[in-house]
Amino acid sequence: LAKYPEIKNLMGPDPHLKWIVSGMVFMQFLACYLVKDLSWKWIFFWAYAFGGCINHSLTLAIHDISHNVAFGNKQAKWNRWFAVFANLPVGIPYSASFKKYHIDHHRYLGGDGLDVDIPTDFEGWFFCTPLRKLLWLFLQPFFYSLRPLYVNPKAITRMEIFNALVQFSIDLIVYYLWGLKPIIYLIAGTILCMGVHPISGHFIAEHYMFLKGYETYSYYGPLNWLTFNVGYHMEHHDFPSIPGCRLPMVKKIAAEYYDNLPQHQSWIRVLWDFVFDDTIGPYSRVKRLCKLAKES
């Protein structure tokens with residue numbers, strides 16, 4: 001920032017985010033209507049090939065919204081409520097809990113017992129062969145959602161209750177209107193596309209130490225178009241208040257700070273290497289002891 005103060009101008013809300021997310025949410029509800037009479041094999045096909053991609057993208061929109069980039073820091077509540085809206089096609093309540101824990105991921109990156117992105121000792125010990133690591137990828141959505149309850153349990157908030165009530169109410173409405181298949185389409189898509197799927201490569205790519213001494217990596221490939229530029233992960237951790245749409249501008253302005261750092265070329269290759277490279281596994285994360293910051 002001292003060298004490139006113009007980066008400060010990139011901070012602030014993304015005026016297009018709320019419209020893009022709204023379009024994706026309504027697209028998924030249209031898909032619910034379209035799949036209601038399909039056979040089960042096509043339900044799961046479209047859940048993996050289409051609906052799950054949108055749902056995974058929506059979870060990354062929720063990630064951006066958790067940094068208040070939909071309506072700005074002065075409208076924090078609007079961001080929380082909009083995240084609940086973005087959550088609807090995911091099928092299960094997620095956004096409020098994500099916000100609660102994600103702040104710790106930035107504040108205490110790699111913090112033992114604080115950053116719930118880090119796999120547990122059991123995960124690192126058990127999922128250590130190619131077959132087991134492949135199984136771990138399939139189960140990743142469950143570990144991702146249940147691990148916080150074991151590693152760093154926190155009291156349930158009113159926003160989480162609101163998130164759950166709204167989510168399950170919409171699920172019941174969809175079920176009442178169109179039956180069970182649209183509900184399975186939404187939830188199966190969420191689970192499948194957070195497991196073994198090209199987009200889910202970002203989970204491994206971001207902070208698994210493929211090269212010793214480097215714990216955060218960026219990816220600048222085309223899948224960023226579907227994921228709100230989550231691949232620009234070094235840039236995001238440097239400037240979490242800059243929305244994803246402007247992170248490529250950070251790299252362009254301050255290129256010498258990023259161009260020479262290790263980076264991933266393919267999220268599919270990341271998944272392949274994670275499974276078949278014996279030197280990489282759930283243990284391949286930096287874990288450190290962090291002192292709790294004083295709450296202001």
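Glycine too: its Cβ is placed from the backbone N, Cα and C atoms.
Remote same-chain residues near the domain 'Sphingolipid delta4-desaturase N-terminal' (1-16) are listed as 64, 68-72, 239, 241-246, 249-250, 253-254 (criterion: CB distance under 8 Å, separation of at least six residues from the stretch ends). According to TrEMBL, the domain 'Sphingolipid delta4-desaturase N-terminal' annotation covers 1-16.
Per TrEMBL, the feature domain 'Fatty acid desaturase' maps to 41-261. The average pLDDT computed over the domain 'Fatty acid desaturase' (41-261) stands at 96.
TrEMBL lists 16-35 (among others) with the feature transmembrane segment.
Outside the transmembrane segment (42-61), and at least 6 residues removed from its termini, the chain residues within Cβ reach (under 8 Å) are 17, 20-21, 24-25, 27-28, 31, 35, 86-87, 89-91, 94, 98, 181, 184-186, 188-194, 197, 199-200, 226-228, 230, 244. Look at TrEMBL and you will find 42-61 (among others) tagged as transmembrane segment.
As annotated by TrEMBL, transmembrane segment applies to 81-98 (among others). Sequence-distant contacts of the transmembrane segment (81-98) (same chain, six or more residues past either end, CB-CB distance under 8 Å): 18, 21-22, 24-25, 28-29, 51, 54-55, 58-59, 61-63, 65-66, 70-71, 145, 148, 157, 159-160, 162-164, 166-168, 170-171, 183, 186-187, 190.
Under 8 Å from some Cβ of the transmembrane segment (161-178) lie the Cβ atoms of residues 29, 32-33, 36, 84, 87-88, 90-97, 186, all in the same chain and six or more residues away from its ends. Taken from TrEMBL, the feature transmembrane segment applies to 161-178 (among others).
Panel annotation: around the transmembrane segment (184-205), residues 28, 31-32, 35, 43-44, 46-48, 50-57, 59, 89-92, 134, 137-141, 144, 174, 217, 219, 223, 226-227, 230-231, 233, 264, 266-268, 270-271, 274 of the same chain, lying at least six beyond its termini, place a Cβ under 8 Å from a Cβ of the stretch. Residues or ranges marked as transmembrane segment in TrEMBL: 184-205 (among others).
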